């Protein structure tokens with residue numbers, strides 16, 4: 001189910017999501033959820049478009065689900081950031097005026113930030129050479145953006161291969177590198193609200209935090225300021241490198257980051273086997289009071305769920321309330337919901353982001 005873009009119906013759609021979250025969490029005696037709304041338009045900081053040839057020209061195109069041969073041509077995209085909407089016609093004019101930029105271009109990706117940074121990735125069905133690089137450099141300068149060209153097995157970077165975001169959490173501004181191609185939260189305004197909620201929910205602690213699925217350090221940076229130490233895990237090499245840069249950039253020095261899956265971490269904590277990636281890290285020295293999880297849509301697998309059960313507090317951000325409810329059902333005999341929230345990351349769709357703080361009974 002997906003609703004049409006209609007700002008006048010936003011409140012009704014949000015009410016329906018709140019009702020759905022209440023319904024899913026009711027069996028667990030959840031308190032009333034805090035609700036964090038979204039800007040009604042221009043909230044999405046990244047967008048990806050295929051290009052479609054019509055009347056001898058390439059146009060931005062999107063496709064309805066299951067209709068990959070029926071393009072919807074667009075000139076603007078009201079849910080995308082104002083910066084993306086300003087860049088779209090200028091980029092289109094550039095590829096239409098330049099054979100070098102337009103030839104066999106099939107996809108364009110925009111990444112922008114609340115801090116005003118922007119990056120454009122242009123994907124081609126042909127090799128890219130110095131002639132392309134010359135024109136792309138002129139384009140990047142004219143638009144004030146970084147430009148990345150991608151073709152099979154090759155990537156050319158004009159400027160930087162990341163965008164810089166700055167987010168204010170409880171009066172402190174954190175700076176984030178967002179690498180090209182890596183996951184970032186698409187709705188920057190709601191992401192900032194999410195970070196503030198998590199910061200408040202964890203509280204000021206004298207013990208340590210274990211974070212699973214830390215990504216580029218989106219939550220790691222502010223949460224690290226609330227605890228003694230953090231051990232964070234992530235399996236994506238790109239995200240790990242971004243997180244390490246972000247920790248350094250923000251002078252956050254109480255975090256150790258390791259490339260382990262949740263399953264491997266469970267084995268390490270249970271002393272099933274040693275891991276070379278944990279060399280120099282004494283797991284027994286940590287006094288974990290809270291585990292923070294932000295899993296993919298499938299939620300936590302049963303073994304990871306059992307891993308979280310051993311912690312006094314579980315702070316859980318979910319992009320799928322159904323799998324969140326299933327995980328809580330597995331944990332409800334030992335943990336109860338102390339607070340919960342809905343974050344409207346994805347207006348005009350049925351998708352919702354939610355958060356719960358579970359504490360041991």
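The backbone N, Cα and C atoms fix where each Cβ goes, glycine too.
The active site, nucleophile annotation in Swiss-Prot covers 319 and is backed by sequence analysis. Within the same chain, residues at least 6 positions away in sequence whose Cβ sits under 8 Å from that of residue 319 (active site, nucleophile) are 296, 297, 345, 351, 353.
If you look up Swiss-Prot, you'll see 353 marked as active site, proton acceptor, on the strength of sequence analysis. Residue 353 (active site, proton acceptor) falls within a strand segment according to DSSP. Around residue 353 (active site, proton acceptor), a 10 Å sphere centred on its CB holds 25 further CB atoms from the protein chains shown.
For 185, 213, 218, 234, 294, the entry in Swiss-Prot reads S-adenosyl-L-methionine binding site, with the evidence type sequence analysis. In sequence order, 213, 214, 215, 240, 243, 257, 259 are the residues near residue 234 (S-adenosyl-L-methionine binding site), counting only same-chain partners six or more apart with C-beta under 8 A.
In sequence order, 183, 214, 215, 216, 217, 219, 239, 317 are the residues of the same chain, not among 185, 213, 218, 234, 294, whose CB sits within 8 A of the CB centroid for the S-adenosyl-L-methionine site.
DSSP gives residue 234 (S-adenosyl-L-methionine binding site) a coil state; it is part of no helix or strand.
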